[in-house]
Structures are given as structure tokens and as C-alpha cells.
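Visitor: I am attaching a structure below and will ask some questions about it afterwards.
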Amino acid sequence: MSPKTLYDKIWDEHVVHEAEDGTCLLYIDRHLVHEVTSPQAFEGLRMAGRTPRAPEKTIAVPDHNVPTDPTRVDGIKDEQSRIQVEALRANAKEFGIEMYDVDDNRQGIVHIIGPEQGWTQPGMTIVCGDSHTATHGAFGALAHGIGTSEVEHVLATQTLIQQKSKNMLVKVEGTLPPGVTAKDITLTIIGRTGTAGGTGHVIEYAGSAIRELSMEGRMTVCNMAIEGGARAGLIAPDEKTFEYVKGRPHAPKGAQWEMAVEYWKSMRSDEGAHYDKVVEIDASEITPVVTWGTSPEDVLPIDGSVPSPEDFQGGKVDAARRALEYMGLEPGTRLSDIEIDTVFIGSCTNGRIEDLREVARIMEGKKVKDGLRAMIVPGSGMVRLQAEEEGIAQKLQDAGFEWRMAGCSMCLGMNPDQLAPGERCASTSNRNFEGRQGYKGRTHLMSPAMAAAAAITGRLTDVRDLA
Amino acid sequence: MEKFETLTGIAAPLPLVNVDTDMIIPKQFLKTIKRSGLGVNLFDEMRYDREGNENPDFVLNQPAYRDADILISGENFGCGSSREHAPWAIKDFGIRCVIAPSFADIFFNNCFKNGILPIALPQEQVDLLMKEAEKGQNARMTVDLENQTITTPDGTQVTFDVDPFRKRCLMEGLDDIGLTLEKGAAIDTFESGAQATRPWM
Ligand code: SF4
């Protein structure tokens with residue numbers, strides 16, 4: 001048998017039917033739904049008189065629309081948001097789907113709660129009507145975003161019609177320098193390969209720097225596979241993965257646990273497996289980075305300067321010109337001279353407990369600069385509780401951060417947390433598109449450590465200079 | 001699903017790279033629980049100012065392109081989120097075909113589910129069609145899915161690739177779910193096999 005990649009293995013294990021032209025019907029083990037991309041899917045089922053094939057394989061959670069202030073349990077004020085959340089509640093009830101509602105401590109961003117509840121496991125196929133489903137790939141699961149029509153397809157059939165993607169390997173070998181984190185790895189990769197570099201591929205992240213990462217760090221890396229254009233990101237499961245899954249509410253128990261671990265251990269790429277594309281990165285060369293433009297590929301080391309449109313070629317010249325105008329930046333400005341108005345720490349990229357611990361560590365003995373708006377939005381109610389128990393929540397509030405309820409919050413302005421026009425934000429989220437965090441809002445993507453550093457000085461700052 | 005066979009109409013040029021789904025349909029319009037009615041908000045932030053007045057410079061506001069049926073754009077079109085609201089808005093506006101050098105994966109997929117034909121062509125051919133489209137109202141092109149050709153007003157023909165299964169679904173207006181449900185027995189077999197080898201899943 002020829003050697004297989006991890007992606008090949010998971011794929012092969014899930015093919016229900018293969019047509020002559022290679023189109024496959026792929027079985028889906030786990031499905032997650034949120035309020036924004038599911039109402040039309042449930043409506044479609046209802047109109048066709050269909051029912052979910054395996055409702056126990058789907059969980060539902062509201063996250064994009066929910067406000068992050070505590071009064072939200074008394075009802076969401078924005079009428080359209082409220083209707084969407086109510087629709088999710090009604091649909092979950094009607095179709096027998098488990099839901100973590102707004103008043104449930106387990107509620108949070110869909111990609112945070114999947115792993116947290118042990119719903120995400122190695123070797124599975126996992127989908128959600130959300131592009132950042134790639135996050136779950138950190139467990140060695142084949143996880144990707146789907147559109148609403150596909151959400152309906154999965155509900156009705158527990159399968160998806162798919163064409164196999166190509167294999168891409170991103171290998172990060174070596175040791176990360178101090179101050180450099182998983183977010184810097186993933187942004188650096190996108191800066192290197194571009195937002196279309198992974199199109200048509202599933203990326204497997206490997207190498208010693210990836211193996212060294214915690215599960216949280218691995219999720220941060222896989223989360224942004226989609227920003228690199230890939231359908232999904234994958235990391236082979238190992239002891240760290242099993243340790244993380246063990247004992248969680250949906251994790252296998254007893255004899256099944258032993259059986260599962262045996263199986264999971266086989267979920268890794270074989271020696272000599274073929275990749276269609278290989279990118280190698282030396283971890284020791286990665287530095288703390290930030291984005292300057294309106295595409296996640298607009299990445300530069302923090303000690304760099306704003307580029308000029310002439311530095312680019314082809315369609316990128318105009319794109320850069322447009323980005324600079326939108327961002328209100330002059331070529332040649334040192335990135336560390338850019339002043340910010342807001343700091344947002346949260347999202348499915350960096351809203352986990354480890355991220356909050358990192359911010360608390362940087363903030364030790366320091367304060368958020370006067371006049372800045374700085375908010376921390378835990379990725380789930382469970383993260384929030386844990387941070388409160390560890391005393392981090394209090395420390396962060398004492399340092400001047402707002403401490404919010406769980407949700408997508410300012411990662412995208414669908415709820416009340418938004419940037420005002422022209423406002424500039426140091427953000428730990430994953431997209432810096434025009435208008436993403438609010439109409440005419442300006443986003444600089446970075447790691448939690450770098451966002452904390454920016455909170456202290458009020459401008460983009462090299463976290464290594466604070467030590 | 002609405003069938004797609006041939007389409008003759010006006011092509012609007014949008015020479016931008018990385019047109020993302022937030023540009024196509026900003027998030028404030030994702031709060032709908034319906035599929036229809038999003039066409040007026042297509043490209044909202046480029047198309048209107050804050051007060052809702054049209055920006056006369058934006059291509060779809062120009063008299064020649066108000067009824068565009070085809071959109072021609074730069075590489076990596078549709079990158080960003082998985083929101084199917086993007087193709088819903090495009091379709092609701094009246095555009096049934098998008099031509100670009102490359103597309104983001106999920107968007108590309110979502111188009112086919114909604115009777116929209118996304119066509120990826122080499123950059124030179126996109127540049128050629130873009131030039132034609134810039135001629136305005138006379139730029140009526142014909143997209144023939146059966147023969148996989150695009151014909152410009154002066155008779156120039158460009159051929160394109162399309163996945164055979166997706167082509168058939170578009171041409172016959174087939175419902176994916178219906179097709180899959182016909183394979184119910186294969187799904188049953190798969191499930192019992194998986195139950196035996198991976199019972200914890
Ligand atoms: S946190 Fe942001 S990227 Fe993640 S699911 Fe929510 S909106 Fe999407």
C-alpha cells in the first residue's frame with residue numbers, strides 16, 4: 001500500500017460512495033451550527049418535509065449575534081439578532097438538537113466549545129457553517145467550513161458531496177525565539193504563502209515547532225488555515241491531544257477510550273507520503289508580526305515600516321494603495337509608531353485560557369494606557385469561569401480591561417461590540433478586512449502578547465521591548 | 001434550483017483582487033433568516049455612502065451596468081467567510097456568472113448550490129474579458145455552459161473548464177439533497193461499519 005498522508009487517511013475512512021468522476025459522498029461525524037448560517041437550512045428542511053438523519057451528531061450554539069454584556073440574559077435588544085437567536089432555539093427544539101443557550105455557562109464561540117466539550121476528536125470529519133471550522137483540525141480531525149445549503153445537506157443526510165483536495169505540508173522546524181507565539185507562526189505563514197497559497201489544498205502543519213505548541217497554540221495555527229486559502233488545516237494527534245480530550249463531557253469513556261486512543265495513534269502521515277506542495281519555515285527566523293493592511297497576508301515584523309504600493313506587483317499595487325488609504329497610513333511610517341484607540345482580545349483564534357494567561361503575564365504590574373478602550377472577551381463561559389477562578393479576571397480588570405461575556409464580539413461587528421469609523425484596533429482576531437470590526441474600522445492583527453503590549457503603550461509595540 | 005444553460009448579458013468589470021465576502025455582503029445583512037432580498041445590499045459599503053446614497057463611481061451604479069448579469073473580477077474572489085449570503089446577494093441582484101482568475105474554495109462551492117456559474121480562467125483571458133466589459137452596455141457576452149464557452153460581442157471565444165458533476169447539476173437544476181437521499185442504503189451500510197470499528201464516534 002502506498003504511504004498516505006493524514007488527510008488521505010481520514011478521507012478514505014469516510015467515503016460512503018465514489019462516483020466515476022471522483023466526486024465522493026463523505027460521511028460527517030460531527031456538525032456544529034450557529035445562529036447566522038443555519039436558519040435558512042432548517043427552513044429548507046421544513047419546506048421539503050425532511051428531518052435530520054442523526055440529530056445527536058449536531059450541536060447548536062449562538063455566538064455571532066449575542067451581546068457580551070451581562071444584561072443579555074434579559075433579552076437581546078437588537079430585533080434582528082434576537083430573531084436569529086430565537087430561530088436557533090426553536091429549530092434546535094423542533095429537530096432535537098442539543099443547544100448551549102445564552103444563559104448556559106457552556107455557551108461560547110462555536111470553535112472554542114467544540115474542543116472544550118470533547119466534541120472534537122482526532123480522525124473525525126467535522127463541519128460547521130463557518131469558515132473557521134479549520135480550528136478543529138488541531139486535533140487531527142478533518143474540519144472545514146460549509147455554506148448554508150451544505151448545512152442543510154448534512155442535517156438531512158449526515159454526508160457531504162465533496163471533491164478531494166490536494167495535500168500541502170507546512171513544516172515549521174526549530175525553536176521559536178522568546179516573545180514569538182502560535183499567532184506569529186500562522187500570520188508569518190500567510191504572509192509568506194499569501195491568502196490564496198493554500199487554495200484547493202488541505203494543509204498539514206508539522207515540524208518540531210508545531211509539536212512543541214500546546215493544544216491552544218495548535219488551534220490558533222489551524223484556525224487561520226482558511227486565511228491562507230486552504231480548505232482545512234491539520235495537525236497529527238499526539239499525547240498532548242489525547243491528554244486534552246480525556247475526561248471531557250463528550251470524550252469516549254472506559255474501554256472505548258482505550259480503543260479510541262489506539263485508533264488515534266494511527267492517525268498520522270506515513271513515512272514518504274506525497275504532498276503536492278511543501279513549504280518549509282525556520283522557526284528561529286519568526287518574529288512578532290502585525291498586519292498593516294486589509295488582507296491577512298499584509299503581514300510584517302513589528303520592527304518594519306508601512307510599505308509603499310510600488311513595493312508590489314500586478315493587482316497588488318492597487319490593492320495596497322486602497323488598503324493604505326483605508327487604513328489611513330503613510331508608506332515609510334514605522335509600525336511601532338502607529339497609535340491605536342482600541343484593544344480587542346478574544347475570538348476563536350485567541351480567546352482561550354492560555355491566551356488570557358499570556359495577556360495577564362504581560363500586564364503584570366502594568367496598566368492599560370489612559371484613554372484606550374481595551375476589552376477581553378473570553379471565548380466561552382467555561383474559559384471565563386476558569387479565568388475567574390485563577391484570579392486572572394480580577395488582575396486584568398485591575399489593569400484596566402473590560403471583562404465581557406463570551407461570544408464572537410468585536411471579531412466581527414454583528415453584535416454591539418464594534419469599532420467606530422476611523423477607530424484603530426490592536427486585535428487578536430483573524431480578519432482585517434474592510435469593515436470587518438465595524439464600518440470604516442481599522443484592524444491590526446497580532447498575538448495576544450502583542451495586543452497586551454499595545455494596550456500598555458497605546459501604539460503597536462514589540463512585546464520583546466517591554467521586558 | 002434554477003437551471004443554468006446559456007446566459008447572454010452585460011458583464012460588469014470589478015478589477016480588484018481578493019474581493020472578500022465582507023465586501024460582497026457586509027455582516028449587518030447576515031441577520032436575515034431568509035435567502036432572498038439581499039440584492040440591494042450587494043457590495044453595500046462600496047455601493048452606498050453611510051446615508052444610503054449611491055456612490056456614482058461604483059460600477060454597479062453606473063447606467064451601463066445596473067442590469068449586469070455577469071461579473072468579472074480579480075484573483076481570489078470570494079475569500080473570507082463561508083456565508084452563503086454572498087452568492088444569495090449576487091443572485092438576487094441578477095448576476096448568474098462570475099469570472100475571475102481564481103476563487104476561494106467555499107464561495108466557489110456555494111455558487112453551484114445556488115445556480116451561479118463561477119468560471120476560473122487564466123489571468124490573460126480575464127484581462128481580455130475585463131477590457132471587453134469596460135466597453136459598457138455593448139459588452140454583452142454569452143456564456144454557454146453546455147459547450148463551455150464565453151463569446152464576446154466581436155465573436156472572440158474563450159473556453160473554460162467545469163467539473164462534470166457540477167455542470168450536470170447546474171444544467172438540470174438538480175437538488176443535491178434529493179440526489180444523496182437516493183444513496184440512503186450506502187449511508188446505512190457505512191454507518192453500521194463505522195459503528196463496529198469506531199463505536200465512540
Ligand atoms: S470569533 Fe470571529 S472568526 Fe471566530 S466564529 Fe466568531 S466571528 Fe467567526
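Even glycines carry a Cβ here, placed using N, Cα and C.
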Visitor: Report the candidate from A:CYS222, A:CYS348 that shares the [4Fe-4S] cluster site with A:CYS408, A:CYS411, as recorded in TrEMBL.
Guide: A:CYS348
Visitor: Looking only at Cβ atoms, how many others are within 10 Å of the one on A:CYS408 ([4Fe-4S] cluster binding site)?
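Guide: Total other Cβ atoms inside 10 Å, all chains included: 32.
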Visitor: Taking each of A:CYS348, A:CYS408, A:CYS411 in turn, which of these binding-site residues have a Cβ less than 8 Å away from a Cβ in chain B?
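Guide: Correct list: none.
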Visitor: Going by DSSP, is A:CYS348 ([4Fe-4S] cluster binding site) sitting in a helix, a strand, or coil?
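Guide: DSSP call for A:CYS348 ([4Fe-4S] cluster binding site): helix.
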Visitor: Note the Cβ centroid of A:CYS348, A:CYS408, A:CYS411, the recorded [4Fe-4S] cluster site, then list each other residue of that chain whose Cβ lies within 8 Å of it, in sequence.
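Guide: Here the non-site neighbours turn out to be A:ASP63, A:HIS64, A:ILE109, A:HIS111, A:HIS132, A:GLY346, A:SER347, A:THR349, A:GLY351, A:GLY379, A:GLY407, A:SER409, A:LEU412, A:SER429, A:ASN430.
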Visitor: Hey, what's the Cβ neighbour count for A:CYS411 ([4Fe-4S] cluster binding site) at 10 Å?
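Guide: That number is 30.
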